[in-house]
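Now, the feature entries from Swiss-Prot:
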TRANSMEM  46-69  transmembrane segment
TRANSMEM  134-157  transmembrane segment
TRANSMEM  174-198  transmembrane segment
TRANSMEM  272-290  transmembrane segment
TRANSMEM  329-352  transmembrane segment
TRANSMEM  368-394  transmembrane segment
TRANSMEM  416-438  transmembrane segment
TRANSMEM  516-534  transmembrane segment
BINDING   Cys558, Cys567  [4Fe-4S] cluster binding site
TRANSMEM  574-595  transmembrane segment
TRANSMEM  642-664  transmembrane segment
BINDING   His653  chlorophyll a B1 binding site
BINDING   Met661, Tyr669  chlorophyll a B3 binding site
BINDING   Trp670  phylloquinone binding site
TRANSMEM  706-726  transmembrane segment
Amino acid sequence: MATKFPKFSQALAQDPATRRIWYGIATAHDLEAHDGMTEENLYQKIFASHFGHLAIIFLWTSGNLFHVAWQGNFEKWVSNPLKTRPIAHSIWDPHFGESALKAFSKGNTYPVNITFSGLYQWWYTIGFRTNQELYKGSIGLLLLASVLLIAGWLHLQPKFRPSLSWFKNNESRLNHHLSGLLGFSSLAWTGHLVHVAIPASRGVHVGWDNFLTTPPHPAGLTPFFTGNWTVYAENPDSATHVFNTSEGSGTAILTFLGGFHPQTQSLWLSDMAHHHLAIAVVFIVAGHMYRTNFGIGHNMKEILDAHRPPGGRLGAGHVGLFETITNSLHMQLGLALACLGVATSLTAQHMYALTPYAYLSKDFTTEAALYTHHQYIAGFLMVGAFAHGAIFFVRDYDPELNKNNVLARMLEHKEAIISHLSWASLFLGFHTLGLYIHNDTVVAFGQPEKQILFEPLFAEYIQAASGKAVYQFNVLLASSTSPATAAGNQVWLPGWLEAINNPKTDLFLKIGPGDFLVHHAIALGLHVTALILVKGALDARGSKLMPDKKDFGYSFPCDGPGRGGTCDISAWDAFYLAMFWMLNTIGWVTFYWHWKHMTIWGGNPGQFDESSNYIMGWLRDYLWLNSSPLINGYNPFGMNNLSVWSWMFLFGHLIWATGFMFLISWRGYWQELIETLVWAHERTPLANLIRWRDKPVALSIVQARLVGLVHFSVGYILTYAAFVIASTSGKFA
């Protein structure tokens with residue numbers, strides 16, 4: 001007899017009800033809970049899966065390159081980046097009739113899907129110029145994906161499985177990851193920029209055929225070996241340089257010009273090469289700092305154990321943290337997710353403010369899509385960090401090992417942490433909403449002059465300190481006499497000051513009362529999300545209400561009818577609630593960014609400045625006004641090339657609304673419904689010839705909530721993605 005799913009849990013495989021399937025799916029990735037799992041085997045499986053993960057990523061990027069080379073218009077776009085709309089791929093099956101064929105063929109021989117990914121700009125910036133090069137890149141990544149799949153399989157074979165001690169050798173891992181993963185990859189990227197991208201931007205082709213014979217700098221390596229490095233910064237591209245040609249180009253490869261290339265409005269390639277070289281040096285040095293074979297360098301345990309403030313106010317300090325972090329994968333994952341979440345959000349900010357790719361800042365829809373995309377990913381990563389932090393407290397935390405150290409002391413004064421976060425959230429919520437509602441009321445009664453409008457003075461001061469002249473604060477970089485200005489005047493400052501005060505760039509946008517209010521609304525969302533997540537993690541082991549909570553695991557619905565009030569207090573419930581707040585907050589962040597930019601791009605920043613001070617302004621002048629391209633994507637008379645986004649907009653709403661069906665009605669309702677359907681099925685001729693192997697039962701409360709949350713999240717994001725793309729491309733096509 002075939003073994004039933006799931007093979008990793010004999011107890012579940014023998015369950016006679018449909019919960020076998022749902023619990024099987026729910027615990028498929030909870031590797032440490034699987035039958036017969038040892039710690040060593042767990043580490044080995046996770047390690048091998050990393051190769052598979054990388055293979056999938058490279059296969060995906062290979063597909064992007066292949067489809068653009070095959071069905072896109074990359075070469076045409078390269079010849080005129082500002083006037084050509086980049087194509088992602090053709091639409092194979094335009095079965096919606098003649099009007100669809102026309103709508104999606106606009107200016108092309110066949111119907112196509114326009115790309116808003118920024119890939120064209122990226123490939124162009126790093127030196128791609130022809131479809132042939134895209135094909136070669138695609139095949140290269142395909143081969144790399146194959147190698148990684150084989151490597152993943154290989155590391156599961158008994159001979160090639162690393163030992164547990166190898167996984168827990170922190171110093172070796174730090175050295176290799178810092179110098180190898182971060183240092184040498186940055187050095188390799190510097191090499192690519194210097195040898196391929198910079199020459200390409202000056203009209204010089206460097207490919208596999210000539211890269212060994214084309215020196216990136218006329219002086220060769222002589223300045224490097226003689227210590228005369230400034231030669232590499234001399235004669236940079238001029239302000240009149242025409243990208244992709246030799247006109248106005250220089251010879252510099254490592255510069256500190258500051259600001260943007262005047263034509264492409266992106267960072268200077270030679271500045272970026274210099275930046276990556278500096279990062280490479282820092283990380284390669286950092287990767288030689290930790291003590292391994294030679295008895296020299298830092299030892300992490302010694303460093304952590306020595307971190308005990310002499311006043312004794314932090315107790316045992318960091319004693320015990322080395323063992324705790326080394327032995328807890330959840331703690332390590334939580335830290336990694338938090339760092340990656342911050343980095344992803346920073347990527348969202350810098351992608352538009354300090355645009356690295358040629359002509360990206362002229363492609364408004366792509367900029368909006370990339371910002372929104374990265375902020376949502378950052379939100380999921382940050383919530384995941386806290387979720388695994390909570391799992392760490394439930395499964396991996398050892399009170400004896402951490403006695404009186406910073407971790408234990410944090411748990412001991414969790415009430416102070418939670419109540420302070422609660423106070424901050426209440427303060428932000430009541431004051432911000434109070435101001436919005438006041439402004440709404442006076443505007444509704446025809447007295448807009450009675451609005452309470454705050455000038456964001458501190459933020460303006462920070463902008464002025466960075467060189468923004470419009471506020472006339474005359475401080476630091478905004479003052480020509482400041483020592484800070486004098487220090488950078490010969491190097492990067494002129495380029496930076498030109499960029500920060502140029503109305504055509506996104507660097508430090510002018511702000512006012514609307515920005516002040518929405519900033520505090522976002523702060524409210526961030527603090528409430530943090531409050532829920534922090535409370536969930538700090539109360540994960542136990543609380544006054546339920547001191548033995550850790551014995552129930554990470555996710556449990558309630559402790560039966562016997563203990564009233566124990567529903568909704570598992571660490572998983574905190575994650576569940578925080579997800580809604582996270583999505584809510586990122587909604588505010590992306591609404592703010594998109595609306596402010598829409599008005600700037602449209603030459604009407606006054607609309608944002610006036611309407612963003614009250615809630616009706618947001619609903620009417622941002623959401624409703626900009627949804628018109630989606631509402632008019634198709635009608636009884638036909639359709640246009642935005643109709644696909646209209647359908648996605650509707651479909652997103654449908655998925656989102658379906659979520660509430662699972663979120664509002666609880667398990668008993670579904671169980672009764674299922675029992676009624678079973679009764680009807682068993683009494684229906686012909687239908688009752690079909691029997692089920694598993695007795696149908698409703699999802700558990702936790703599972704139904706998960707299904708609801710997934711629908712809510714997916715629907716919410718699909719709806720807003722369609723809105724951003726259609727409203728922006730409809731206006732600025």
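Heads up, the Cβ atoms here are built off N, Cα and C, so glycines get one too.
Note that the structure is a prediction, hence the values are computed from the model and not measured.
Fewest Cβ neighbours within 10 Å among the binding-site residues Cys558, Met661: that distinction goes to Met661. Note on the transmembrane segment (368-394): residues 116-118, 328, 330-331, 333-338, 340-342, 344-345, 347-348, 351-352, 411, 529, 533-534, 536-538, 540-541, 550, 553-554, 571-572, 574-575, 578-579, 582-583, 585-586, 589-590, 593-594, 597, 717, 720-721, 724-725, 728 of its chain, located 6 or more positions outside it, place their CB under 8 angstroms from a CB of the stretch. In the structure as shown, the Cβ atom of His653 (chlorophyll a B1 binding site) sits within 10 Å of 15 other Cβ atoms.
The binding-site residues in question are Tyr669, Trp670, and the one with the fewest Cβ neighbours inside 10 Å is Tyr669. For the recorded site, His653 (chlorophyll a B1 binding site), the DSSP three-state label reads helix. For the pair Cys567 ([4Fe-4S] cluster binding site) and the residue listed as 'phylloquinone binding site', the C-alpha distance works out to 19 angstrom. Looking at Met661 (chlorophyll a B3 binding site) and Trp670 (phylloquinone binding site), their Cα atoms lie 10 Å from each other. Within the same chain, residues 383, 386-387, 417-418, 421-422, 424-425, 428-429, 431-432, 435-436, 454-456, 459, 574-575, 577-578, 581-582, 584-585, 588-589, 592, 612-613 sit at least 6 positions outside the transmembrane segment (516-534) and bring their C-beta atoms closer than 8 Å to a C-beta of that stretch. In the three-state DSSP reading, Cys567 ([4Fe-4S] cluster binding site) counts as coil. The stretch with the most CB contacts under 8 Å to the transmembrane segment (706-726), chosen from 174-198, 272-290, 329-352, 574-595, is 574-595. In the three-state DSSP reading, Cys558 ([4Fe-4S] cluster binding site) counts as coil. Counting only same-chain residues 6+ beyond the ends of the transmembrane segment (574-595), those with a CB under 8 A from a CB of the stretch are 368, 371-372, 375-376, 378-380, 382-383, 386-387, 390, 515, 518, 521-522, 525-526, 528-529, 532-533, 535-537, 539, 608, 612, 618, 621-623, 626, 705-706, 709, 712-713, 716-717, 720, 724, 727-728. Note on the transmembrane segment (329-352): residues 32, 42-43, 46, 118, 360-361, 367, 370-371, 373-375, 377-379, 381-382, 384-389, 391-392, 395-396, 506, 597 of its chain, located 6 or more positions outside it, place their CB under 8 angstroms from a CB of the stretch. Sequence-remote contacts of a segment are chain residues at least 6 beyond its ends whose Cβ falls under 8 Å from one of its Cβ atoms, and for the transmembrane segment (174-198) they are 125-127, 206, 211, 214, 216-217, 253-254, 269-270, 272-273, 276-277, 279-284, 286-290, 292, 300.
Rounded to a whole number, the C-alpha distance linking Tyr669 (chlorophyll a B3 binding site) with His653 (chlorophyll a B1 binding site) is 24 angstrom. Here Cys558 ([4Fe-4S] cluster binding site) is positioned 32 angstrom away from the residue listed as 'chlorophyll a B1 binding site', judged by their C-alpha atoms.
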